[in-house]
Amino acid sequence: MALKFHVIHQSKKSRARVGRIETDHGIIDTPAFVPVATNGALKGVVDHSNIPLMFCNTYHLLVHPGTESIAAMGGLHKFINRDAPIITDSGGFQIFSLAYGSVAEEIKSHGKKKGSSSILEITDEGVWFKSYRDGHKLFLSPEVSVQAQKDLGADIIIPLDELLPFHSDQQYFLSSCSRTYVWEKRSLDYHRNDPRHQSMYGVIHGGIDPEQRKIGCQFVEDHPFDGFAIGGSLGRNLNEMVPVVDITTSHLSKDRPVHLLGIGDLPSIQATVKFGIDSFDSSYPTKAARHGLILSSQGPIKIANQAYANDLSPIDPKCTCLTCSSNLSRAYLRHLFKVHEPNAGIWASIHNLHHMQEVMKNIRKQILNDEI
C-alpha cells in the first residue's frame, strides 16, 4: 500500500506537528530523524532494528552490487535483513554532489565544481556520468532511477532531480528548475504505472528565491505525490536556510508528510522543526562519531580533548544506549580513539544514533505540549 499519514497533534505555538506515517514495513512517528546508510549499512552500527526509517543511496547500490542483483535476491529489505521502513533517493544527489564538491555546514550545494567532474553530459533525457568505482560510463534518466528504486523496493522513493551548486548563474538555475520538474513528472508517471507498495515524494527546488520556491510548491501540489521533500540549494549557512524552509512549508498543504533532504544536524533540526518538517536525513551522527564528537544531553563532547584523559564518569549519565549501559568511561573511550581502535567509532556511533532518537522523542513531546 502507499503510505498513510496522520497528524496526531498540531502545535498551538507554531506549524510544528506530531504525526504518524504508516507503511507496509512499519510505522514512523514524526518528526523523525532518518540516519543515512549509504551502501545499505549504517557505518559503525550492526543493529538497525531500533531505527524507524533508514535512508539508503540508490547511486551507490546501482554501482555495486547493482539494483537488479538486489532485486533478484528479494529486494533491499531482504538483502540487508531489515523489516522496517526504508527510503531511497534518486541517485541524482550523489552524481551532482560528486561533481560539484563537498557541502558546508550541512547546507547543500555550496561549493566549487571540481576540475575533474564525474558528470559527462546533462541533457533533457537524463545525465551521463562516470562510475566512481571504475570510471565506467553510466546513464541515469527519470525512468532508470525509478526502476532502480523499484528493484530495491524501498517504501519511500524520490524522483530524479538536478542538484545545482549555490553559485550557479540565474539563467542556468531557471532552466535547471524547469528540467527538474519535467524529470519529476516523468518519474511520477513511471512510478504510477507500477506503484507496488511504494510511495513517492515530490522534490521542491528553487534555491533561495522565494518566488521559485513558490513555483516548486505549486508543482508538487498539482501532482499526486504521496509526500513532499524540500531539496535543492538551501543557502550558504543556517541563517539563509531558515527563511527558505519557512517560506517553502508555508505554501504546502498539511495533508502530506514533509521531508528536509540532507539536513539533520541538531541546530538545523531545532531551527526548522517549527515549520512543520516531519523528517530529516543526515549522516551527521555517525560521521561525527567517527571523528570523536559525542552528542550528549550535556552538549557535544570532543572526546579526544585532554580534559577527558582521566575522566571516569559515564559518557552520558542520562543515556540508556548499549554504549552507556556498558559503563564505558569517557577516559576509556578517549583512549580507544587515541590508539585508533576501530571499536571507538562503533561505540560512539551506537551512542550518537541513540541520542538522536531520544532528541526526536523529546521534540515530539514538546510539540504535544505546545512548547514548540
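Placement of Cβ uses the backbone N, Cα and C atoms for every residue, glycine included.
Residues or ranges marked as substrate binding site by Swiss-Prot: ASP89, SER90, GLY91, GLY92, PHE93, ASP161, GLY232. Just so you know, the Cβ of GLY91 (substrate binding site) picks up 26 other Cβ atoms within 10 Å once every protein chain is counted.
Contacts of ASP89 (substrate binding site) defined by a Cβ separation under 8 A and a same-chain sequence distance of 6+ are given as PHE55, ASN57, THR58, TYR59, ILE158, LEU261, in order along the sequence. Mapped onto three states, the DSSP output places ASP89 (substrate binding site) in coil. Among the features that Swiss-Prot reports, active site, proton acceptor is placed at ASP89, with the record citing sequence analysis.
Helix, strand and coil counts under DSSP for the region 'RNA binding' (262-268) come to 3 helix, 0 strand, 4 coil. Taken from Swiss-Prot, the feature region 'RNA binding' applies to 262-268 (among others), supported by sequence analysis.
Per Swiss-Prot, the feature active site, nucleophile maps to ASP281; the stated evidence is sequence analysis. Secondary structure at ASP281 (active site, nucleophile), taken from DSSP and collapsed to helix, strand or coil, is strand. Listed in sequence order, the residues of the same chain lying 6 or more apart from ASP281 (active site, nucleophile) and placing their CB within less than 8 Å of its CB are PHE33, VAL34, PRO35, VAL36, PHE55, ILE87, HIS259, LEU260, LEU261, GLY262, ILE263, GLY264.
Here the region 'RNA binding' (286-290) has a mean pLDDT of 98 out of 100. Here Swiss-Prot flags 286-290 (among others) as region 'RNA binding', drawing on sequence analysis.
Annotation source Swiss-Prot lists Zn(2+) binding site at CYS319, CYS321, CYS324, HIS351, citing sequence analysis. Using a 10 Å Cβ-Cβ cutoff, CYS324 (Zn(2+) binding site) registers 20 neighbours. DSSP assigns CYS324 (Zn(2+) binding site) to a helix.
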_Candidate with the highest Cβ count within 10 Å, taken from the binding-site residues GLY92, GLY232_ = GLY232
_Neighbours of CYS319, CYS321, CYS324, HIS351 excl. site residues, C-beta within 8 Å of centre, Zn(2+)_ = ILE315, ASP316, THR320, LEU322, THR323, SER325, ILE350, HIS354, HIS355
*asked:* Below 8 Å Cβ to Cβ and six or more residues apart, same chain only. Which residues does that give for SER90 (substrate binding site)?
replied: THR58, LEU140, SER145, VAL146, GLN149, ILE157, ILE158, PRO159, LEU160, ASP161, SER187
*If you measure from the C-alpha of GLY91 (substrate binding site), which of the binding-site residues CYS319, CYS321, CYS324, HIS351 fall inside 10 Å?*
none
*Within the chain of CYS319 (Zn(2+) binding site), which residues six or more apart in sequence place their C-beta under 8 angstroms from its C-beta?*
SER296, SER297, HIS351, HIS354, HIS355, GLU358
*What does DSSP assign GLY232 (substrate binding site), in three states?*
coil
